[in-house]
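Here TrEMBL flags B:39-103 as domain 'HMA'. The feature transmembrane segment is assigned by TrEMBL to B:119-139, B:151-172, B:184-206, B:212-230, B:365-387, B:393-417, B:693-710, B:716-734.
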Amino acid sequence: MTTLAYLIPVALFLGALGLSGFLWALRSGQYEDLDGAAERILIEPDARDNEGGRSN
Amino acid sequence: MSCCAPGAEMALEVTAAASASPSSDEIRLASRALGSDIHQTDLSVPTVHCGACIQAIEAALGTVENVESARVNLSTKRVSIRWHGDSVPPFFAVLGSLGYQAHLFDPEIHEKDRTLSELIRAVAVAGFAAGNIMLLSVSVWSGAEGATRDLFHWLSALIAIPALAFAGGFYFRSAANALRHGRMNMDVPIVVGVSLAYAMSLYETINHGEHAYFDASVSLLFFLLIGRTLDHVMRERARMAVSSLSRLAARGAVVLREGSTREYVPVAELTPGMRLLIAAGERIPVDGDILGGNSDLDCSIVSGESVPKAVGAGAHVQAGTLNLTGPLTMQATAAAKDSFLAEMVRLMEAAEGGRSRYRRIADRVSALYAPVVHLAAFMTFLGWMVASGDWHRAVTIAIAVLIITCPCALGLAVPIVQVVAARRLFEAGVMVKDGSAMERLAAIDTAVFDKTGTLTLGRPKLVNASSIDPTMLAIAADIAAHSRHPFSRAITGYAGYSGQPGVESVSEHPGFGVEAITAGNTWRLGRRGWAGWKARTGGEGKLGGYGGTVLSKNGNIVACFAFEDALRQDAKATIQQLKAAGISVDILSGDTAKACGEVAKSLGTESFVPALLPSGKVEWIESLARAGHKVLMVGDGLNDTPALRAAHVSMAPATAADIGRQAADFVFLRESLLAVPLALDVSRKAGRLIRQNIAIAIVYNAFAVPIAILGHVTPLIAAIAMSASSLIVIANAMRLQATAKAAPEAAPARRRTDVIEAAHP
């Protein structure tokens, strides 16, 4: 039972880490253009001579 | 030209009007300054739809001078461009050369969607809490005892607090709001169930009790929030798609000041008495009188008249009409807020629509459901008090009744079906503003159509091409290519621009036609009386004189052209399908009885009312409503907007006026009118599934409630029962996707036409 003393905090910490990661991604605009993100992966980086900065 | 720009899935038939690029003054007015000389302009590009589009647009705009960066957002079909310097870079020309139509839109109305990100954050927090509490609960159910169980309960209680406070906030606010107005909605029993479950569990935890319902209260919120978020995403997606369509109202106008200086002034700052310059292709921003110049005005979106109106000095013009052929100088007689458009908005706001009286199915069910459930819980409490005298036990069991009846399945029953249905309609190019629109559409018994722009395309088509000498047609097409009059566009649209070198020095005579001089011959394409000046037929030389459209060589008529306003694709099939579905169909139009009669005849329907004013349409619909009919209004013009609002439910094509699209419940993006019976069909199917889902939820309660009343419910049973009922309801909703896919595809495209102008053969 003593293992619980650190396993539970570890479990909660990992969960909270995932949650904060998600909230960060949400805030930084990663979910603004889901359709575009799916297509952009097919675009070769060197084919785009002018890589646009994030605009949102 | 990109692979996919024209004719793309969502490509809209953009009229000549919308394709006229805004001036650089207008672009500057719509831009946001980001400091240090950098501006951001947001454009809506409805035809962007794949990775190649992103690449083509970003690469092309990136090489334009003064452009800092360009980024395409595929989900919202927008391009954000950052640029610096004094002159506005030629975005529209660059996009146009790639084959993309672009429109400006207001950054203000596209504020970031705060509710959505709040909802997603709430789902994330609730999901985190539900997952962790469920882990701890499983340990308790598998036999954790004594101090360990207490520890797990305490941990669960701690984790549940942020979930309830943050994620539950939506429900607490909504329930409080409903109760304050003396109403009952589905959120009230949810809030009561969740908070009582938490309070009882906390009490049990403090007293080292065996059963705690932390998992039930948090996972309930998690499930319900998913439903609510999907519902919000559906509506938001429709709203975005609708508002990203071209805007039709003028943004500003060139004002002639004293001493002939010109200044570009936003519409809101125009005052009566100002002299305005309206170039060909611009919309009239405010009501006014023409001071000078001749032109043709396209009034179709304002009055429903399909034939352009010739205007000259002294004529009164209404805001919203499109100046087609020649530059005009006009004097404003009203400010923007007193103009025709604003009057339509006022009429629209005055029209008390069926939607304000309509109560959603979920609200009607919960108005019955909540009192029954709360009464059952109270009776259980009384019963156990009398039977055992143990108040703790009585309260525990009564709360268990509330938890197990907490309308998880009921809360999902309606939104899940509507989200699936909206998704299905979205794929068919129909945007649904909200779920209640589908409920209302399923109930209609009368459909009312506007004519110009709805049943017809509001765009003439050349119909007698086969009887015209091909060489003459080619010459006519080359001359017509210099004009934006709808008839000219119809001729070029049919014959194409062949680019013969002979046609030169082309000049347009607004209100009459186009003149070209080739190798000593004078060709005229236009009104009969003006073009064929040697064949005197009457009405000649008079602005807007009667007679068909002809091509003449040195004053002798060599070809006549007949035009018809093309019916919208599948209009007849639509009317037939609606009639087969038991819906009576009427046509209400601002156009003449003759034009309406011909359309009605070719559609196989008798019932039409011509020459109606906007308020006349509203009165017509209101009298139908008083007679107990549920009316669907389908229309596109500014003059239809009040009627769209007054009807029980309304639909508009994507080419409709801005406020028309805003007022309508459904907006369809494709040309085919079959969107109307499709939306009706899907809505009726959705209505059936919603009733089934509600029935499932009630059957579930019929089994679960007796178990709870008898005191046999443990947290484990509650968790299983609630999840199972939710999953069944979701699975049932998914059937809509399956049945809709099996439905036959739209019938092959067929066009019928109605004659709006016929020349002598």
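Residue numbering: from 1, along the chain as shown.
Yeah, the Cβs are placed from backbone N, Cα and C, and that goes for glycine too.
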Within the same chain, the residues 6 or more beyond the ends of the transmembrane segment (B:151-172) and with Cβ under 8 Å of it are 119, 121-123, 125-126, 128-130, 132-133, 136-137, 139-140, 144, 187, 190-191, 194-195, 198, 201-202, 204-205, 212, 214-215, 217-218, 221-222, 224-225, 228
Maximum Cβ pairs under 8 Å to the transmembrane segment (B:716-734) among B:119-139, B:184-206, B:212-230, B:365-387 is reached by B:212-230
If I count Cβ-Cβ pairs under 8 A between the transmembrane segment (B:119-139) and each of B:184-206, B:212-230, B:365-387, which range comes out on top? B:212-230
Long-range neighbours of the transmembrane segment (B:184-206), counting only residues six or more past its ends (CB under 8 A): 150, 153-154, 156-157, 160, 164, 168, 171-172, 174-175, 178, 212-214, 216-217, 220-221, 224, 362-363, 365-367, 369-371, 373-374, 395-396, 399, 402-403, 405-407, 410-411
Which sequence-distant residues neighbour the transmembrane segment (B:212-230)? Criterion: at least 6 residues beyond either end, Cβ under 8 Å. 116, 119-120, 122-123, 126-127, 129-130, 133-134, 137, 140, 153, 156-157, 159-160, 163-164, 167-168, 170-171, 190, 193-195, 197-198, 200-201, 204-205, 399-400, 403, 406, 408, 411-412, 415-416, 419, 715, 718-719, 722-723, 726
